[in-house]
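Inspection log for the structure reproduced underneath, given as structure tokens.
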Amino acid sequence: MARPKNVKHIFVTGGVISSLGKGILSASLGMLLKSRGLRVAIQKYDPYINVDPGTMSPYQHGEVYVTDDGAETDLDLGHYERFLDEPTSQASNLTMGRVYKSVIDKERRGEYLGGTVQVVPHVIDEIKEKMNDLAKNGSLDVLITEIGGTIGDIESLPFLEAMRQLKLELGDRNVLNIHLTFVPYIKAASELKTKPTQHSVKMLLETGIQPDILVCRSEKPLSREIKNKVGHFCNVHEQDVIGLNDCETIYAVPLMLLREQLDLRVMKKLGLKKFREPNLEHWKRFCEKVTNPKDGEITIGVCGKYTEYPDAYKSIIEAFIHAGASNDVKVSVKMLRAEDAEDSSFNMNKAFEGVSGLLVAPGFGDRGIEGKVQFVQYARENNIPFFGICLGMQCASIEFARNVCDLPDANSTEFNKRARFPVIDLMEQQKKVKEKGGTMRLGSYPCILKEGSKVHEVYGKFLINERHRHRYEFNNQFRKLFEEKGMIFSGTSPNGELVEIIELKEHRWFVAVQFHPELKSRVQKVHPLFDGFVQAAKEFAMGKRQLTLEDELPRLSSEEMEGAG
């Protein structure tokens, strides 16, 4: 198989409306090209002026996805990693804020030799230089770049201009544009409407870019007639109009695009030849397990502060899909708003109806903390499988200190700087940090597991590496007391100073971690902790069903019992 001499660039843009799924499209195409033997990477360009999403509200941006090298990035990078099973990095996410910051820093250093710094050429040249960063080391065949925003947005124009110039410089055989649009279905007319797509392409043409391939999102499949009409009015061949209708799971998208031959159209246009046929049997089996689990459904409660906006917990939800497939069940997530438990009229028994496990999610700030602590207490006292992540571990520590160690005023100094029993405290190296952005303990760090612990059993090894995003840690002054009361510190930093994992031996599953395991769960590599947690929740659910069944069976009299013998 002959490698291309130059890295091939694929740019994915979106039109008509936002949230069409450019990230899923990019990840799916990347997976298809990788399955053919090509070396693929994906990057995301966001048009906002923030340097990174690290300080942005989860309500506005969703979760912050942390890479191994400590970059705080867009949640779409999570899709890239889950679909490609390849790590991303700081270079995989560029914001317009970082571009402007770099240009201004260069101006301050005098690198522009007294010239007037302008969007064209200086900002555009900076973007083009960044576009090639991932391609410089010679380890790639294809680089896919997702351009955030919607065609027509002012913010995206510099990215589009850089893309236009790059295509002019490198040629059609090296740069390709895929434009994702929306074809709405009008129920009153019982037909799909192509006019929004036509207008979106018209706006893209106004920037000097002719799309090479159109991918049309729709509620229903596109007929050949519709594809022909779209192609005719948008100046692309009918075979370059790809249908992408709604499906049960996002993991079915690569299979749909394979049937539509998107990967073949891309390879032909970029002159990529003699690559192997894709083998996606493993992916098909996974999708079958997701859509038709043989052991039914279980419900897991996710207690958080941002439950109105599920994208704030995107990687957690996806990790449950992976773990559900691994355990032959569908995991239905029930969002539990932490603040609700702080109301005196709140019924905890009702909140846990039908729930077979509790995950207390990450977050920042004191809002809803007391509610989270109450949820942890209920799960611990009722032997319900429990899993805490980051802030969830800190809440589990506070709850254990108050209700088991008899430290009623236990708290974190994040919520009460004068806490009498600060079982969670600011990390020593964080105490002189003043700025918010990019200053936490970020990225991948090693952790040593305790032999014989639950986590050692599920990981099957002693040394692990997990991704972190936190400023506060367990206060070691309380370790001895916790251990005396039954808490196991089953994971620590290699020097033993930083507590990474806690668990309870006598509980069916009570594990809490300081890191973010959801960020490393993959389709073919379900994260061991999610796998173990879902398995415990499944066993708990089956036990409850068995008890319910026994209660519903008619009770036989002693005479009937003797007769049955």
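Even glycines carry a Cβ here, placed using N, Cα and C.
Following the DSSP three-state reduction, the secondary structure of CYS390 (active site, nucleophile) is coil. All chains included, 23 other C-beta atoms sit within 10 angstroms of the C-beta of CYS390 (active site, nucleophile). The active site, nucleophile annotation in Swiss-Prot covers CYS390, and the record cites sequence analysis as its basis.
A C-beta separation below 8 Å, combined with a sequence spacing of at least six in one chain, links HIS516 (active site) to VAL66, SER315, PRO362, ILE389, CYS390, GLU466, ARG467, HIS468, ARG469. Secondary structure at HIS516 (active site), as computed by DSSP, is coil. Annotation comment: Swiss-Prot describes HIS516 (among others) as active site, evidence class sequence analysis.
In sequence order, SER315, ILE316, GLU318, ALA319, ILE389, HIS527, PHE530 are the residues of the chain that are 6 or more apart from GLU518 (active site) and have a CB within less than 8 Å of its CB. Residues or ranges marked as active site in Swiss-Prot: GLU518 (among others).
Summarising the annotation, Swiss-Prot assigns CTP binding site to SER18, ASP153, ILE154, GLU155, LYS193, THR194, LYS195, PRO196, THR197, GLN198, LYS229. Long-range Cβ contacts of GLN198 (UTP binding site) within its own chain (separation 6+, distance under 8 Å): VAL230, PHE233, CYS234. When secondary structure is read from DSSP and collapsed to three states, GLN198 (UTP binding site) falls in the helix class.
Feature annotation from Swiss-Prot assigns UTP binding site to SER18, LYS193, THR194, LYS195, PRO196, THR197, GLN198, LYS229; the stated evidence is sequence analysis. LYS193 (CTP binding site) falls outside any helix or strand according to DSSP and counts as coil. Taking Cβ-Cβ distances under 8 Å and a sequence gap of 6 or more within the same chain, the neighbours of LYS193 (CTP binding site) are VAL183, PRO184, TYR185, ILE186.
The feature ATP binding site is assigned by Swiss-Prot to SER19, LEU20, GLY21, LYS22, GLY23, ILE24, ASP76. Secondary structure at GLY23 (ATP binding site), taken from DSSP and collapsed to helix, strand or coil, is helix.
Taken from Swiss-Prot, the feature L-glutamine binding site covers TYR59, GLY363, LEU391, GLY392, MET393, GLN394, GLU414, ARG471.
Within the same chain, the residues at least 6 positions away from GLU146 (Mg(2+) binding site) whose Cβ sits under 8 Å from its Cβ are VAL12, LYS22, GLY23, SER26, ILE42, GLN43, LYS44, TYR45, ASP76, listed in sequence order. GLU146 (Mg(2+) binding site) falls within a strand when secondary structure is assigned with DSSP. Look at Swiss-Prot and you will find ASP76, GLU146 tagged as Mg(2+) binding site, backed by sequence analysis.
Among the features that Swiss-Prot reports, domain 'Glutamine amidotransferase type-1' is placed at 299-543.
Residues annotated as region 'Amidoligase domain' in Swiss-Prot: 1-272.
Long-range Cβ contacts of ILE24 (ATP binding site) within its own chain (separation 6+, distance under 8 Å): HIS79, ILE250, VAL253. For GLU414 (L-glutamine binding site), the spatially nearest entry among the binding-site residues GLY21, ILE154, THR197 is GLY21, judged by CA separation. GLY21 (ATP binding site) is surrounded by 18 other CB atoms, counting those within 10 A of its CB over all protein chains shown. If you compare Cα positions, LEU391 (L-glutamine binding site) sits closest to PRO196 out of the binding-site residues THR194, LYS195, PRO196.
Listed in chain order, the extra residues whose Cβ falls within 8 Å of the Cβ center of the ATP site residues SER19, LEU20, GLY21, LYS22, GLY23, ILE24, ASP76 are GLY14, LEU25, SER26, HIS79, GLU146, LEU180.
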